[in-house]
Amino acid sequence: MSETVETPHPLEQLPGDLMMWVLIVSELLVFGAGLAAFLAVRIGDPAGFAAAQDHLHRAAAGLNTVVLVTSGLLAALAVRAREADKRLRTRCLLAGASVLGLVFLVIKGMEYADKAAAGIGVETHPFFTFYYLLTGFHAAHVLAGVIILGLVGWKDSPRSVEVGAAFWHMVDLVWVLLFPVIYLLR
Amino acid sequence: MKYQTQKIAYAYFAVAMALFAVQVTMGLVLGYIYVQPNFLAEILPFNIGRMLHTNSLVVWLLTGFFGAAYFLIPEESEREIHSPKLAYLQLAILVIGTAGVVVTYLFNLFEGNFLLGKEGREFLEQPRWVKVGIVVAALIFLYNVTMTVLKGKKTAISNILLIGLWGLALLFLFAFYNPSNLALDKQYWWYVIHLWVEGVWELIMASILAYLMLKLTGVDREVVEKWLYVIVATALFSGILGTGHHYYWIGTPGYWQWIGSIFSSLEVIPFFAMMAFAFVMVWKGRRDHPNKAALLWSLGCATLAFFGAGVWGFLHTLHGVNYYTHGTQITAAHGHLAFFGAYVCLNLAIFTYAMPILKGRDPYNQVLNMASFWLMSGGMVFMTFTLTFAGTVQTHMQRVVGEAFMDVQDQIAIFFWMRLGSGVAVVIGVFLFLYAIWVPGREVIEPGPTVRAAAE
């Protein structure tokens, strides 16, 4: 990432802001390392991991995937609307993306509450340590993303909308990676 | 020197260099005690010597940072320092506090006294009155430089430097909070120790390095600033949660092992970026600055920081590895090269750049200074290798085979002898550096093709 700065021309062509790309690459490294560690620890206890995974709501997580990907679509449409100078439409689309982000958090919160009620905590099993760390860290990014979408909707220069959408797509992408590995992989 | 108040840095650098001499001399004594444990056992117990070695290191590095800020802020903000009087008052407080610390430690005065006694918390042993003095000095400093920057031109370099220095002062406040629960004590202790050297100090380092690159290579400010922002972003991204790599075995919840391992692994990135930055700037630079020694120290700083802090840090940062290496000589190897590379070399780079300007004898012969770089760095790298081998053998014999601590120490004595030898080289290098900075004033030479070839 940073070592490529010596050739500024391709970097200048990146949509949005260089710093957002530094952040996105850093985030992907963290989630990638977390998933790799999850898979490595899983090798030592496949049966325990499978049994723990059965406690998860696959349907709720599947629904959440639809919610978040749809939200990403709205953010992408918002960038296009802003480029066409339709500012009201941009703001409506960003608001829609944010609301879907909040829906994601509500469903996620119900999932966490359910786990807590069943007495499942972060120390219950290594599977749940990674489950809480990875999905919790991701949920924190969804919350941050909702705030960022709100900010770029308020100060809605085309560049800002692009930067906000780039972050939101990263949050989207991370979920699409977390969902199959944590919820579905047998 | 464009601004008169840059002269303040002269006094700070002088104090810093005096303490530097004390610090490395004490290091040599400690290296000798390692192989001859009864040396000075009655009058200077090892733990007291170690406190002086580490505390004087931190104090002289900080004094150097303060001096560097007083030197570069006037140039960056294009105006004189708000109040030179306050700057000298701040230095006086720091000097009195340091003297108080040394006397209190050496003679073990006022033991157990709330205000005057030493506190017995590693690296934060200073008596409470000294801690208060440090806070007062830091407040004076922050008031002084913030007022200067607010009234003058604001640049990325001075902004990042100020954020780093503000963070440094605010995080030090955790030194006053000492819960009786040992796990909590350690948790907050790292807020000072870790978030200093792997957080805000990196901002200070990046901004001073950026200033030096700007001056020495003549690359556009815009390019330097872009690098600076990337370095700072990656430093904070990895460094803050990287604190988790100290929370593996102190009683904090188990998930810290993963948070610490993952984030602290990424702490290599800002150090790699700083090294890449320094070299790319030199390759791109059009300016042939006469101060080759400052350039050598800057490049050496970025390189040795990458290896000492980055590579040697990563070496034992994963919790699966650290389970075996924790608290062995591996830690000592990392500690020495990381502090030397990142913060000692940085200070020596800014001293080498600024002192000829402050003394008004620029350009001058810097062969001795450059020789001191190779002697000091070579000695320190050799020391790092010997301690790494010592730590590897120690880890195996003590943690894997299960032999007793002192039995293992006996069997790795050869490495401690070699470490003492490399320590001698470092100390000679330090005194050569001090000589090169202070003494050969009249040896001013004309810049010409022969000099340039010799310097390169």
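Cβ from N, Cα, C; glycine included.
Nobody curates TrEMBL annotations by hand; they come from automatic prediction.
Lifted from TrEMBL, the feature list:
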| type | residues | note |
| --- | --- | --- |
| DOMAIN | B:1-438 | domain 'Cytochrome oxidase subunit I profile' |
| TRANSMEM | B:12-35 | transmembrane segment |
| TRANSMEM | B:55-74 | transmembrane segment |
| TRANSMEM | B:86-108 | transmembrane segment |
| TRANSMEM | B:128-145 | transmembrane segment |
| TRANSMEM | B:157-177 | transmembrane segment |
| TRANSMEM | B:189-214 | transmembrane segment |
| TRANSMEM | B:226-249 | transmembrane segment |
| TRANSMEM | B:255-282 | transmembrane segment |
| TRANSMEM | B:294-315 | transmembrane segment |
| TRANSMEM | B:335-355 | transmembrane segment |
| TRANSMEM | B:367-392 | transmembrane segment |
| TRANSMEM | B:412-438 | transmembrane segment |
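Take the transmembrane segment (B:55-74) and the stretches B:12-35, B:86-108, B:255-282, B:412-438: counting Cβ pairs under 8 Å, B:12-35 has the most. When each of B:157-177, B:335-355, B:367-392, B:412-438 is checked for Cβ pairs under 8 Å to the transmembrane segment (B:12-35), B:412-438 comes out on top. Annotation: stretch B:294-315 has the most Cβ pairs under 8 Å to the transmembrane segment (B:255-282), among B:157-177, B:294-315, B:367-392, B:412-438.
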